[in-house]
Amino acid sequence: MTDFNAIDLDEGTSKGSPSPEKRDAEVQQLAKQYTQQSASSIYGQNPFCADAGSALDPNGDNFSARAWCKAMLQLQTEDDKAHPPRTLGVAFGNLNVHGFGSDTDYQKSVGNVWLQALGLLRKALPGQRQRKIDILHGLDGLVEAGEMLVVLGPPGSGCSTFLKTIAGETHGFYIDKASHLNYQGATAKHIANDFRGEAIYTAEVDVHFPRLTVGDTLFFAARARAPRHIPGGVTINEYAAHMRDVIMAMFGISHTRDTIIGNDFVRGVSGGERKRVTIAEASLSMAPLQCWDNSTRGLDSANAIEFCKTLRMQADINNTTACVSLYQAPQAAYDNFDKVLVLYKGRQIYFGPTATAKQYFLDMGFECPDRQTDADFLTSMTSPKERVVRPGSEHQVPHTPDEFAARWKDSTERARLLGAIEAYNAKFSDGQQLDKFRQSRRAQQAKIQRVSSPYTLSYTQQIQLCLWRGWLRLKADPSITISSLFGNSIVALILGSMFYDLNGDTSSFFQRGALLFFAVLINALGCGLEMLTLYAQRGIVEKHARYALYHPSSEAFASMLMDLPYKILNTIIFNLILYFMTNLRREAGAFFFFLFVNFILTLTMSMFFRSIASLTRTLVQALPAAAIFILGLTMYTGFAIPTDYMLGWAKWIRFINPINFGFESLMVNEFHNRDFPCVNFVPSGLGYADIGSGNQVCSTVGSVAGQGFVNGDAYVESLYDYTNSHKWRNVGIIFVFMIGLMFVYLAATELILEKRSKGEILVFRHGHSALTGKSHDDEEDAGGRTVAMAEKTESDDLAIIERQTAIVQWKDVCYDIKVGKENRRILDHIDGWVKPGTLTALMGVSGAGKTTLLDALATRTTMGVISGEILVDGKQRDESFQRKTGYAQQQDLHLSTSTVREALTFSAVLRQPAHVPRQEKVDYVTEVIKLLDMTEYADAVIGVPGEGLNVEQRKRLTIGVELAARPALLLFLDEPTSGLDSQTSWSILDLLDKLKKNGQAILCTIHQPSAMLFQRFDRLLFLKSGGQTVYFGDVGENSHILIDYFVRNGGRPCPPAANPAEWMLEVIGAAPGSHTDIDWFSTWRKSPEYARVQEHLQELKLERSQLTDLARTESGQKRQNKADYREFAAPFYEQLCEVQYRVFQQLWRSPMYIYSKTVLCSSSALFVGFSLFRSPNSIQGCQNQLFSIFMLLTIFGQLIQQIMPHFVAQRDLYEVRERPAKTYSWKAFMVSNILVELPWNSLMSLIMFLCWYYPVGLYRNAEPTDAVTLRGAQMWLFIWAFLLFSSTFAHFMIAAFDSAENAGNMGNLLYILCLLFCGVLATPDQFPGFWIFMYRVSPFTYLVSGMLGVGLANTHVTCAANEYLHFDPVNGSTCAEYMEAYRTTMGGYVLNGDATSDCSFCPMDDTNAYLATVSANYGDVWRNFGIMWVYIVFNAVAACALYWWVRVPKGKKEAVETGAGAEAQKKTQNGSA
């Protein structure tokens, strides 16, 4: 396995620490000579055919990236067919970038979101202009091919915008027309369109398919950019595999090749390794111009330096150009760059060689403190608090950004730069270089690819590659596919058994129609969950499109093809079971037509749902739209509302409904040219035994008097207006829909991008604004500190910090987890302690187990076995330990809708001891805000990255949330400076120093400390790979104690100017390119320092244990206050009140969620109501009113799909941050989330009632009974119960599942069963005996029965013209006389009672008779309502029970734990930092 630490980027020569003194000098010299000779002998070799173990073998330990690059370049140069290498420099002049909007925004809520709509309307009016916000002001610069530019500036200074502009990604902002960009003769338009993948921007976030392995992810990227002709005689797949191996070796991730990448919720590689995968993927684009935005975030300093060295090597050998923003740049990283750009609030204050940048500001009157890196010094110019002014120069130096920019514009350095830019523009003004660039690009592209296309592969090649990746993704995670197949098979079996062996007579007519209706719906609408999958991958696909790896539409087309086998298999299994179990038409042609129509309907509706997902930008937008369309497609299929009953205003819907055409074809396929014996004649029974056939008629629609059968064609034509001549015509129409929707889907994937953030803006609640302690001008006028200034005095705010006395110690701590069948040790016998008033650093390479150790000490592991001894004041930890410690996690996880003050107050109220008055807790929060300098944005909304708090503000809030809890024991911080610039990191350490001086005990992991930052720590716990201790002890002034230990044990001396934090990594062989033969773990265990640690641990244990026992003895009791030892500080009632208030507040501030629910409920109700507007009380009219209820229930699936993703987001926050901190219990979390839906569902039920009940006209049925008000109230209660049931059912489903998709599959299965067995599609007497229990347990049975009873009971029925049965009475009788006996027994009425021929008989005279046919009774209304509440309560209780059983960790943390909740944990799973 190739390790990142073993990669040699400098021709195989070692830059690591020397061997111990005992090593023979001659052996070193011989080894050096051998390495040089082997390096010089490989340049003529083919790198694809390198000898195993040579410097060109990426899978060997001797791999040299520099040697490989040179050999590859030589191979390309010697091959005439290879594309000539491309280079791309850039010159920019007067670069101005602006956006539109405001520096601050207000938070949208349910109450004020309409103000935004009014604002948008006002902006659309003529003469109204948006406010212009300048982002970059007049930048000039030149980065030639083969040069590297480092961009420095604090967050918000415009670094990201500059890099995006250079890479041609200008979404959301605009470049002024007067700006000039020259890419060696190409314009910005050329770069953005024709050469998109030649200039790439890599963001600092890591977005990948989590289930794919690292090797497959990088092979895909290499294959997508593989040139047409490959030198060296290898195939394109061999080329891609080799490039993958090389790039993995370069970035030290070869050992992760077969490990899935993972993400925050799926276990995979460590965070640092995932960052390197992102870097490697971008590098494989082979772009000649690369823009890297803080890509070293999450890497330790050694790997950050190695990243910069790799870019340097690529620039030297391949002439690539790199622009890199770095927030924390070690000196060794900074020295790799040629030029530096310093930005100060969007203004350029320096551009030029890195070697002279420092001197430029020194000459201006500033001073650089000792051991401060050049990059930190340059960035400090943008911070009035950090820049140091030389005594006597206070009035000469610039103070504000504008003054710095003006000083730059008047400088000789800028004049030289402008001259260089002018020469560059003149050099590339004739277009020759652009033509050469285009020719080189063309030589790399596939032959059939368009010349102007930014993509390398042809469209068909892209589809093939995406198909391969789709297959890998399916293999890696087949759970959704398998669960869908399983679920549909179960539904087919249930549906088949429900309609088992239908009779071949007229008694099965309605059942056959209902069966075909439900079958076509399940086939057509089963693809609805594809929307969730598409949204999950959208960000990844768009990133790859920016890298010009493939068209988004090619991935879309490939995913369609990839789903085909599943769709074919699903169609065959489902329809085969259904068709033959139910005794549908037993003819081969009819069966295969049935199969074929359902298959093309599945494909068509798949395109439909994919189109909705691609045309919308968020899932919240997509779900209501999908719900309305599904409702329309279902209602206008022709079964729920026959054609003759469709109202004129909506009749056109059936012509754009592919399901309508499919249903018609299936109905005529089943009924055409078949005669069905009649089983029910009118009149019949006692007194009618001897009448002739002409005196009675079959009771089925389409019958003819005197015939003992009903013709199938007559039936479907009379009832549905269907004809057999439309059978194949409809198939053609469905095909047209499928092709049309497919093109809509493919076009939408190319044209409509995912919603992106607006940029970093503060968001306040409406009516609130920023508070500033002092004016902006005052801050800038301060100009910086002087050398003579005394260190500023500590704030009185320190007095508020809880002074600690307890000592936390640990000895022989080990942590083992099970990987497969083997146990893997993550932590290996670690010792240490943290005392009050000390700041201890926990350091080590990525994967050394730093975060795992924090989790183990803080009792936050969710799996594995912890052994060893962890004590607090000599005693074992109790249940209250977790809430008495503060743990600031690396990920800044907060509720996005809360304000800063609210987040701090929530933590304080629930985590501080219960005996502290609430007002005192609130006052304490105000003091914490002052201490953390958050007053300016204390009332700002946290938001999401980009729209809300910036990185620094989030980090301060993360620390503040823990301080607000007043941790009594210890403060853990995991990477508090990760992603921050050096000045902000310094301010965070200032804060930690304040806390330390007031007695706070702090243990802090840190990745990239500068020498000055490192010096601020008192003690160091240093780990190596495998979780083994290398050193634990004091750091000492100028790190002399630490340095002395390593030098004394064989390490090379530390140069005076070196950063000890980087030097010690090199000494232990953990830095890339370094090597050591010393086993530093064994050295530590044998050292006198280790012995002293063991002695002191024993002393601490005895001393602190005795003091604790003495204190307890003096108090006269073992536990003075039981509340101090409880698991949670606040009692359950207080937890529930606080959490309930916050959850309700969150929904109020999530208007998209509430209004999407409102739109779904209101529009669905209106659509159903007006589609069946004032439905008459005919037989079919009663059926329509029944189906209006049934159709209203079909939004159930969309209701639960809205709730489940929302719940998952809340659960992740709770399980990752709030549950481990013991902020509140899982019971409060579950109950609050269930109860918060109640008021909104109450409101929705009222809206649904008004929008549906009155348009359908059900109130008219209550008028004859004088109970209009009562029955209206009863109907509202049932709708209310339906929405409450939907909400609690959604929580019941998602409680145990990790993803909304899997919960949705299970929910859909149960939902379909509820619909099947509710008595609408088949009455209870038609069920096989086995299934009658399902009718009784289906909640929809009581819902439909109750609503139908309330809506239809106790009124008259008047038959429609086609519902009257026509026959002649016996001779000598009137129609009334002839039907009297039958009517008395069976009901009904005669329209023309006095007639003696052609009697018109309606078989039903009141709605109660109709209710009896569907087993509904108005007398059961209150019983049914009560049963619905039983189901609601059951759902809520079951949701809580399931959550406890599956996701709540149980037992001691020191024992083997369940993996419940592990998917939500962001840390510890991998045992990596």
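Positions of Cβ are set from backbone N, Cα and C atoms, glycine also.
Feature list (source: Swiss-Prot):
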type	residues	note
REGION	1-27	region 'Disordered'
CARBOHYD	Asn62	N-linked glycosylation site
DOMAIN	115-370	domain 'ABC transporter 1'
CARBOHYD	Asn294	N-linked glycosylation site
CARBOHYD	Asn319	N-linked glycosylation site
TRANSMEM	480-500	transmembrane segment
TRANSMEM	514-534	transmembrane segment
TRANSMEM	560-580	transmembrane segment
TRANSMEM	589-609	transmembrane segment
TRANSMEM	622-642	transmembrane segment
TRANSMEM	733-753	transmembrane segment
DOMAIN	808-1050	domain 'ABC transporter 2'
BINDING	Gly844, Val845, Ser846, Gly847, Ala848, Gly849, Lys850, Thr851	ATP binding site
TRANSMEM	1153-1173	transmembrane segment
TRANSMEM	1189-1209	transmembrane segment
TRANSMEM	1234-1254	transmembrane segment
TRANSMEM	1277-1297	transmembrane segment
TRANSMEM	1312-1332	transmembrane segment
CARBOHYD	Asn1371	N-linked glycosylation site
TRANSMEM	1425-1445	transmembrane segment
CARBOHYD	Asn1470	N-linked glycosylation site
Could you say whether, by DSSP, Gly844 (ATP binding site) belongs to a helix, a strand or a coil region?
strand
Hey, of the glycosylation sites listed (Asn294, Asn1371), which one tops the CB count within 10 A?
Asn294
Which whole number is the mean pLDDT over the domain 'ABC transporter 2' (808-1050)?
86
Packing count at Val845 (ATP binding site) (other Cβ atoms within 10 Å of its Cβ):
27
Proximal residue to Asn62 (N-linked glycosylation site) among recorded positions Asn294, Ala848, Lys850, Thr851 (C-alpha distance):
Ala848
By CA distance, which of the glycosylation sites (Asn294, Asn319, Asn1371) lies nearest to Gly849 (ATP binding site)?
Asn294
Tell me, please, if the transmembrane segment (560-580) and the transmembrane segment (1189-1209) are in contact, taking contact as 3+ Cβ pairs under 8 Å between residues separated by 6 or more positions?
no
What residue among the recorded positions Asn62, Asn319, Thr851 has the most other CB atoms lying within 10 A of its CB?
Thr851
To the nearest whole angstrom, what is the C-alpha distance linking Asn1371 (N-linked glycosylation site) and Ser846 (ATP binding site)?
101
Near Gly844 (ATP binding site), how many other Cβ atoms are within 10 Å of its Cβ?
26
Which of 514-534, 1234-1254, 1277-1297, 1312-1332 shares the most C-beta pairs under 8 angstroms with the transmembrane segment (480-500)?
1312-1332
Per residue, counting other C-beta atoms within 10 angstroms of the C-beta, which of the binding-site residues Gly847, Gly849 reaches the highest number?
Gly849
Taking 514-534, 733-753, 1277-1297, 1312-1332, 1425-1445 as candidates, which has the most Cβ pairs under 8 Å with the transmembrane segment (1234-1254)?
1277-1297
Counting only residues 6 or more past its boundaries, what in the same chain has a CB within less than 8 Å of a CB in the transmembrane segment (1277-1297)?
1161, 1192-1193, 1196, 1199-1200, 1203-1204, 1207-1208, 1230, 1233-1234, 1237-1238, 1241-1242, 1244-1245, 1248-1249, 1252, 1303-1304, 1306-1307, 1310, 1339, 1343, 1346-1347, 1350, 1424-1425, 1428-1429, 1431-1432, 1435-1436, 1438-1440, 1442-1443, 1445-1447
Using Cα coordinates, what distance in whole Å links Ala848 (ATP binding site) and Asn319 (N-linked glycosylation site)?
36
Three-state secondary structure, which DSSP defines for Lys850 (ATP binding site):
helix
